[in-house]
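> Quick one: the structure is below, questions incoming.
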Amino acid sequence: MLRKKTLRDVDVKGKRVLVRVDYNVPLDEQGNIVDDTRIRASLPTVEYLLDANAKVILMSHLGRPKNRDPKYSLAPVAKRLSRYINKEVKLAPDCVGEEVKRIVNSMKEGDVVLLENLRFHKEETECDENFARELASLGEVYVADAFGTCHRKHASVYLVPKFLKPAVMGFLLEKEITYFEKAMVAPQRPVVAILGGAKVSSKLEVIKNLIRRVDKLFIGGAMAFTFLKAMGYKVGNSLVEDDLQDVARDLIDVAKKLEIKLYLPVDFVIGQEVSENTPTKVVPWQEIPDGWMGLDIGPVSVELVKEIISDAQTIVWNGPMGVFEIDKFKHGTIEVAKLLAQSSALTIAGGGDTDHAIHKAGVYHAFDFVSTGGGAFLELLAGKELPCLVNLDDKEA
């Protein structure tokens, strides 16, 4: 995958460099940035370009606006970024059009312009060729650095690098791909994957791919109940995808054939409904009564995870172990985060909920790498090619 060229492979001095960043940051009701991790993640690329005296043109989307909606403006992002790089970041009034061309053409070396929200134009998500050509005309070099949208076939991600050459990876994208390859392509073994989340359907391709690549796989979260029911156990009112029973049985068989150790939780914290006020108790996996549902993994399962990862050299984690937004049911997820943080293995985690849980556990810095992409991270784990890489320049053999 890293046969793609990176920023270090091209001359950017004095050039207009068009960078697709991911500034899709959460905002509160007043339009203030709640978490600027994604802005900070782009700094190595932006600062490298400034050091090289490039003219830096940044483009991103924010949210899912139906049309031009001021509440989705990138203005707060321009302000925050300028604080980090200690220079003015000019917010263009749009991302295409005559006024934008004029602003870009009058840039001096070391200037930074942030184009307004790409999704103010439906052509972005429609992957429209003319829109992509217009964006491409703004730059002399294209840099892909928006891992969070890498799995989307959108104009700025997929088509612009087709029309604007050279087209290379920025440092964030390079880092994401490098760590993924360390975990999945040429890993130190044993490799352990820990998967959580609610639905098998959303992780099906991931499970199918991982079963062929890892040595041990632990499936937690509500996904576990679909597997337990497929094995003939009662799971009370726990969330189950009945249409995936056969698929779950097949996956269990594949794991057996490949001699991959597939683990499920051995106890659960159960409640009568998904709420802070529900009564709770801890029961072994085969004793969930009718009218109750599993909402977190129990303490014995946490010990099981500890045992599973004890000899691991590489650990990949995606998805919470329970309904961790509710305090009563966050314990399993928080404890797993802490266990991985203490491990000497290479630890890589990804996915919005997972990222949130690691922050909640206060162990973010103890992980080797936490991916900035949710969907893109899952696509990689599922063994799929990312649209954002397709049209980038290949390194010479």
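Any Cβ shown, glycine's included, is placed from N, Cα and C.
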> From the candidates Arg16, Arg38, Arg133, give the one listed by Swiss-Prot for the same substrate site as Asp22, Tyr23, Asn24, His61, Leu62, Gly63, Arg64, Arg119, Arg152.
Arg38
> Sequence gap of 6 or more, C-beta under 8 Å: which same-chain residues meet both conditions with respect to Arg119 (substrate binding site)?
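In sequence order, the residues whose Cβ lies under 8 Å from that of Arg119 (substrate binding site) (at least 6 apart) are His61, Leu62, Gly63, Arg64, Pro65, Tyr72, Thr125.
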> Where does Gly352 (ATP binding site) sit in DSSP terms: helix, strand, or coil?
helix
> Name the secondary structure element type, per DSSP in three states, that contains Gly294 (ATP binding site).
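It is in a strand.
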> Among the binding-site residues His61, Lys203, whose Cβ has the fewest other Cβ atoms within 10 Å?
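Relative to the other binding-site residues in His61, Lys203, Lys203 has the fewest Cβ atoms within 10 Å.
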